[in-house]
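Copied from Swiss-Prot, the annotated features are:
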- 26, 27, 28, 29, 30, 31, 231: ATP binding site (BINDING)
- 17-283: domain 'OBG-type G' (DOMAIN)
- 312-398: domain 'TGS' (DOMAIN)
């Protein structure tokens, strides 16, 4: 997708975005899954491969504009945008060769659009570590190496198929030239992978031909990644951990562009279980760390919003007396394409859209006075090629007098 300035976005991101939770066994993936989805799905247990089949659940994307627009429009209900989360089986060394649940693990990753990579940063003797000791940098390297090895295998298979096809068509044909360009890109990516680097970080800006090639093949290391260091509740509320510096150094060298956050699966689990911080458990944390109630907050909203940003997602809203609806779209989406997210017919019959900027509305008091907005020139007519902006409010108009609110 072209987001302007000749920049094209890498990745096959849908309007119903998905992310998978990955990492070694026993690092807190399933506990994190339960916390982020506010459910009892998943199987957090103190042994490897407690999760076999990937669980999934939808989570709401936090949105201040959504609740504010509900108030301004006095709508009967609101429908938030969502992100589908998968709890994927734990990885082990040799996964790319099929060891453990390797083939299933890697196949599950191929079907998601973003990756939450959980690494263990807490010390607890009663919770075993599959590698024998806690070392998040080693764990990051193990997972990345397995993804790279699988991509190298996949890349070689693609190149062999291309080589056979190229011998069957004229060297002067357009098809041959396209396959030659693809082969040259794959050769460059292979060298990059051999250096222990992800495809996603091969370059900062991709051209349209490169994006088409990479999105077609859906390489594992082309997916955006949010690294989550699972620490003790005490480290989390103090926002410190002895492994942080080494992790940041590793990211800068081997995975630049990946984002990194601290969280505590135990803290989030207790927060969900106790339905707040009014409990002896959190009183003990405050006593141990000398922090205030204001510091005992969940990391989940920030984690979801960070993944939203990594997936290059924005939102637009349709508003009316029945509902305020938040819709996921990707940066660079046109007004006509956004209409198609609501219904494919609306894209085909699109005429125009009336667009209001959220910033022009957010301080207004209900009930909304659309006549006042029009008199101030705050309702803009947008054509097919208008590029939607984050938090736009849109009323789409279609042929045949059909209007979708």
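Glycine too: its Cβ is placed from the backbone N, Cα and C atoms.
In this structure, residue 31 (ATP binding site) is part of a helix by DSSP. According to DSSP, residue 231 (ATP binding site) sits in a coil region rather than a helix or strand. Classification of residue 26 (ATP binding site) by DSSP places it in coil, neither helical nor stranded. The record assigns 26, 27, 28, 29, 30, 31, 231 to the ATP binding site, and the maximum Cα to Cα distance across that set is 15 Å. Around the Cβ of residue 26 (ATP binding site), 21 further Cβ atoms fall within 10 Å across all displayed protein chains. Across all of the domain 'OBG-type G' (17-283), the predicted model scores a mean pLDDT of 89.
Assigned with DSSP, the residues of the domain 'TGS' (312-398) fall into helix, strand and coil as follows: 22 helix, 35 strand, 30 coil.
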